[in-house]
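Feature list (source: Swiss-Prot):
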type    : residues                                            : note
BINDING : Thr13, Gly14, Gly15, Asn125, Arg165, Ser192, Gln293 : UDP-N-acetyl-alpha-D-glucosamine binding site
Amino acid sequence: MGRPLLLIAAGGTGGHMFPAQALAEAMVRRGWRVKLSTDARGARYAGGFPHVVEIEEVSSATFARGGPLAKALVPLRIAGGVASAVAGFLRDRPSVVVGFGGYPSIPALSAAVALRLPRMIHEQNGVLGRVNRLFAPRVQAVCCGTWPTDLPEGVEGYYTGNPVRAAVLERAAAPYIVPGDYPMSLVVIGGSQGARVLSDVVPEAIARLPEQILANLRIAHQAREEDVARVTEAYDRAGLLAEVKTFFTDIPRRLSEAQLVISRSGASSVADISIIGRPAILVPFAAATADHQTANARGLVEAEAAILIPESALDPAALSEHIAAVLSQPDAARQMARNALAHGRPDATERLVEVVEHLARKET
C-alpha cells in the first residue's frame, strides 16, 4: 500500500495559508504525501511549504470582486475547478481532504463531497468564514482555532487551536528581553496584506514618543505596496530607523526579538504572538466579517497580554501613550509577555493531525 495522501485546500491570504503550512509540515514528517490546492494568489504564500508538497493551482472565483461580467462567470469558473478536482482525485485519491477556508478551497471540498472522501475543515477565527460555513454541515469534522466559535445549528466543533509554522514553534517561549536603555525592536504587522490604517497612524504615534525611547528604537513595519514609499518617508522625516516592506519572510524571528508588537488581530497573527509570547497592541479590522477580529483578540486581552484599540478609536496620540506605557515599564511588559505565552496553544498542530489520522483510519 502506498503512502497516504493529504489534500490541503486553502484560500489566497496568509491567514488561511500559514495554518495550512503548519499541517503540511507535520504530515510530511509523518510520512504522508501532501498536495496543496490553491489559486494563483494563494500560491504567493506557499514558498515556505516543504519542497515535497505538490502545489496545484485551481480555477475558483468570488462574487466579492469584479464587475457584472466577472460575477456572471463565477459559477462557470467554480464548476470548472470542481470538475478538474474530481478528475484529479480519481487519478490520485486523497486519504483525507482538509479545507482551511477561502474561495479557492471550494473545488477540492466540493469534489470530496461528491466522491464521499473523508473531509474536514479548520476555521481560524471565532466566526466561520463564508466557505467554511457552507461546508460545515457537509464534512466529518469542524476544527476550530478560536473558542468559542459561532457554528451553524446542528454542527459540533472540535477545539484544536490554530496551527502555526515550524519557524514559529522554533521561537516558542524565546526569552523576552524587557524594554530598557539599549536597542529595542517594535514590529508592526497588518496581516498578510498589510493595513492602511496602521500605516496612517503608527509612524506619527511613534514620532511622538519620548526621546529616551526613540533613541533606542528600531522599527519593522509591514505595509501595503502602495503605502511603502510614504511610510518610509514618514519615518525618515522623524529621523527613525525603520525597515518598511510589503511582506517579511522572517516574522517569527522578528517577533521573538521584539519588545512590543502592533498588529491586526487576524487568527494567525494572534496565534504567533501568543506562542512566541510578546506584549501586543491589537487593532482589529473594523470591516472583518461579523467582527471576527475582535473575537480573535479577546483571549489575549482578557489574559492581560494585549491592549485592544478599536479602529474607530485609533489616533496617534492615544496609540503613542499605549506604546510608551509598555516600553517604559519593563516589569509590566515582562508580565504581558508571560501572559501571552500562557495563552498560547503550541500543540494545535498535533491536535489537528490527530483528527486527520482519525478520519484516515475510519476510511480504511
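Just so you know, glycine gets a Cβ as well, placed from its N, Cα and C.
Not measured: the values here are computed from a predicted model.
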Out of Thr13, Asn125, which of these binding-site residues shows the lowest number of other CB atoms within 10 Å of its CB?
Thr13
Would you pick out, from the binding-site residues Gly14, Gly15, the residue whose Cβ has the largest number of other Cβ atoms within 10 Å?
Gly15
Among the binding-site residues listed here (Arg165, Gln293), identify the one with the smallest other-Cβ count within 10 Å.
Arg165
